Amino acid sequence: MSLPRHQDPIVAIATAPGRGAVGIVRVSGKSIGSLMQALLGRQLRAREATYLPFLDRSQLAIDQGIALYFPAPHSFTGEDVLELQAHGGPVVLQLLLARCLEAGAELDPVSQMPRLVGLRPALPGEFSERAFLNDKIDLAQAEAIADLIDASTEAAARSASRSLSGAFSQEIHILREALIHLRMLVEATLDFPEEEIDFLRQADARGQLSDLQQSLQSVLQKASQGALLREGITVVIAGQPNVGKSSLLNALAGAELAIVTPIAGTTRDKVQQTIQIEGVPVHVIDTAGLRDSDDVIEKIGIARTWDVIEAADAVLFLHDLTRKNATDYIAADAVIAEAIAGKLSASVPVIEIWNKADVIDRPCQQAGLQLSAKTGAGLDTLRRKLLELVGWQSKPEGVYMARERHVQALHRTAAHLMTAGFHLEAKAQALDLLAEELRLAQNALGEITGDFSSDDLLGVIFSRFCIGK
């Protein structure tokens, strides 16, 4: 799994671009003592913060700050790591980065060899990749680092921190250990068919498989909740012109984002805003009103409306209570409803909403949720309904931050275990097929933590990190 580039020493600015009080330049590699001497004029004691000048080639100070040295293997990457904490100006940090690269290429006065052969700028995520390759963290923990940085809600940050601490990985490890034990029983039965010992019956293989499936479902439920916290849901507001779609977006967002006028066709293109409901990011999209139109620009907007509807996790089909008895309005709504149903899979919920409840004198018996985007009446009910339909349990305390690939791997594991159960229950047990399904289930779990991963998968994952992590 290790590539030639993984042997190179690397350096990068580890703090976000822009001005700040403190900026960090991080170096990782093997035997960085000579580089330390060139940059700092001395060797550092391990894991001890030292305040001193950072020197250029002429031994003049570029800046003064704190230096920290973490010798291998007791560092984030598992290699020797040097961190320079300087003032956070972009020019200062670029000078320090350039000085590190320059010093790495300089000849050591004693050995007459470059101080740090091959020192180069780090690729995005390369420090975390080194930590993974050197068994300091597993793949799920590495991804949790990026998720913690990108967290947009408190619930997302806490669940990412939980995954980074190893809680999610520990659950996967327990599942894999149970799978390995079950595989051992099946392999023993296959390898010693002449023995008069029924390994599977004696060890209650059926019971073990059932327990494993139940544990897997518990982990899958928590991971699915974590995926909601990370990915959020995309909700599209759709309906005829002038039913209050833009007003509903503004009401949900608590801000005047979309233009609202009595003129039909005001919204020509989608308007998107991300809001939070119980810590879940909800990406709400206001769209052009659906109708037949001869206006070229409006027709483009309507086409885009159908595009976003097809990609939605949920659709809010908005109606106008004040026109509920108008024949032409009802007919147009029926056409739209049929078209929406044809665009979506059965798993995508469509919430029927009747707006302008504030205009109606008395309660209406119309089916669906009634609200007023103008007064806010009914919005809390809509928020709860949305989370309920996408499966949110409102208990983020035990949730792990998970990605869609984690959830899919868990689903594949469940499918393999189900097939394994069929083979186990069959009158003529196909033990070789049972063993294969258990092996595939174990591999699927291994993809989550990196125990079973291709180099291509690793490349995609770490390339999405920021530089310096």
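Heads up, residue numbers simply count up from 1 along the chain you see.
Using the three backbone atoms N, Cα and C, a Cβ is placed for every residue, glycine included.
If you check Swiss-Prot, you get these features:
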BINDING   ARG26, GLU83, LYS136, LYS469  (6S)-5-formyl-5,6,7,8-tetrahydrofolate binding site
BINDING   242-247, 261-267, 286-289, 355-358  GTP binding site
BINDING   ASN242, THR261, ILE263, THR266  K(+) binding site
BINDING   SER246, THR267  Mg(2+) binding site
DOMAIN    232-391  domain 'TrmE-type G'
Cα-Cα distance linking SER246 (Mg(2+) binding site) and LYS356 (GTP binding site), given in Å to the nearest integer: 13
In three-state DSSP terms, the structure that ARG26 ((6S)-5-formyl-5,6,7,8-tetrahydrofolate binding site) belongs to: strand
Number of Cβ atoms other than its own within 10 Å, given for LYS356 (GTP binding site): 22
Around the Cβ of ALA288 (GTP binding site), the count of other Cβ atoms that are within 10 Å: 26
ALA288 (GTP binding site) and SER246 (Mg(2+) binding site), distance between Cα atoms, whole Å: 9
Mean of the pLDDT scores, which run from 0 to 100, over the domain 'TrmE-type G' (232-391): 84
Chain-internal residues, separated by at least six, CB under 8 A from ARG26 ((6S)-5-formyl-5,6,7,8-tetrahydrofolate binding site): VAL11, ALA12, ILE13, ALA14, VAL81, LEU82, GLU83, LEU84, ALA122, PHE127, GLY468
Where LYS245 (GTP binding site) falls in three-state DSSP terms: helix
Which listed residue (ASN242, SER246) has most other Cβ within 10 Å, given these are binding-site residues: SER246
ALA288 (GTP binding site) to LYS136 ((6S)-5-formyl-5,6,7,8-tetrahydrofolate binding site) - Cα separation in whole Å: 51
Packing count at LYS136 ((6S)-5-formyl-5,6,7,8-tetrahydrofolate binding site) (other Cβ atoms within 10 Å of its Cβ): 18
Binding-site residues: GLU83, LYS245 - member with fewest neighbouring CB atoms within 10 Å: GLU83
